[in-house]
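Novice: Dropping the structure in here first, questions after.
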């Protein structure tokens with residue numbers, strides 16, 4: 001198979017990934033592959049572009065390194081072209097409502113007829129099967145959080161709140177990426193492809209496991225946090241200093257001992273309530289939990305963030321300033337690791353945003369291209385799979401494909 005023109009880089013060089021989906025979850029999976037060196041083809045509707053394009057800046061991050069194909073994959077010759085593309089594809093990712101592809105005639109079995117080794121990842125809110133009440137429903141970030149038990153655990157004591165920005169989309173996208181790579185490993189070993197059913201609510205159910213396990217195995221439900229503090233443990237969470245906010249985790253025997261000396265509670269060490277070897281202070285079960293919070297709040301409020309960071313570093317207490325977005329790119333750690341970078345958009349502008357992560361030492365990822373325009377690579381992709389200029393123009397004339405204007 002000849003690949004589309006692009007530099008060779010990263011651990012996934014030579015891999016062809018195709019995705020069909022809008023907004024965040026499914027495309028995020030595809031973009032991870034693209035930043036790690038895979039050739040990634042983004043399928044968009046012919047009549048209207050991905051709704052993410054209406055955003056002024058985010059698409060330049062979320063659709064960089066992609067090849068844009070505008071094709072009606074469910075109708076006539078457009079479907080034929082899509083199935084032809086599948087013959088040279090390693091991984092196909094689709095994000096839709098339940099078994100939408102199967103309902104429109106593109107089943108796993110049809111895809112495997114054209115490519116027995118194909119890895120197929122289906123990403124939806126409620127999965128490919130289940131009850132009719134849920135399976136075919138639309139879902140976004142907040143829907144998956146609400147249905148999974150994740151949302152009810154977040155927020156403040158007075159009200160649950162979803163975790164933003166779009167947590168369920170990103171977790172689900174990364175799940176699709178990792179699951180597809182696991183399936184690809186097996187497919188290359190056996191010659192037999194795989195179909196993966198990723199339900200966003202199940203992803204969030206798994207991510208929300210920490211406290212839910214206590215309920216499933218004893219009926220205890222963790223309360224929501226208060227003012228950003230850990231619902232269980234004193235000295236953990238968000239705290240106010242004299243000049244701003246920090247987060248901290250008071251965990252460990254020596255950390256508690258030394259911190260208690262600083263905040264005036266050394267006399268509690270070795271008591272029945274806080275015996276020697278205590279590694280965490282339970283804010284509910286320990287009768288001194290509220291007192292620890294009171295003393296810690298007072299001590300932190302009397303010190304600047306810089307003073308707290310310096311002292312906590314000496315005590316090996318995990319702590320960080322809550323950075324504002326304007327502070328990020330000048331932070332020395334960000335600068336040293338080039339966590340924020342710049343790249344050129346297709347119209348020649350400079351765009352700034354997060355760099356590629358994680359950092360591969362021997363086969364690093366790279367940004368080689370900005371977000372392509374709607375249908376920008378349609379002709380090149382169709383030529384790559386054997387279509388002539390006349391074939392492409394016929395698809396365009398029938399409204400089954402769109403090429404760049």
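Any Cβ shown, glycine's included, is placed from N, Cα and C.
These came from Swiss-Prot, pasted as-is:
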BINDING   97, 104  CoA binding site
ACT_SITE  169  active site, nucleophile
Novice: Whole-number answer please: how many Å between the C-alpha atoms of residue 97 (CoA binding site) and the residue listed as 'active site, nucleophile'?
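Specialist: Between the Cα atoms of residue 97 (CoA binding site) and the residue listed as 'active site, nucleophile', the distance comes to 14 Å.
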Novice: Sequence gap of 6 or more, C-beta under 8 Å: which same-chain residues meet both conditions with respect to residue 104 (CoA binding site)?
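Specialist: The list for residue 104 (CoA binding site) reads 74, given in order along the sequence.
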Novice: In terms of DSSP three-state secondary structure, what is the assignment for residue 169 (active site, nucleophile)?
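Specialist: Going by the DSSP assignment, residue 169 (active site, nucleophile) falls within a helical segment, counted as helix.
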Novice: At a 10 Å cut-off from the C-beta of residue 97 (CoA binding site), count the other C-beta atoms across all protein chains.
Specialist: 14
Novice: Have a look around residue 169 (active site, nucleophile) and count the other CB atoms within 10 A of its CB, chains all included.
Specialist: 23
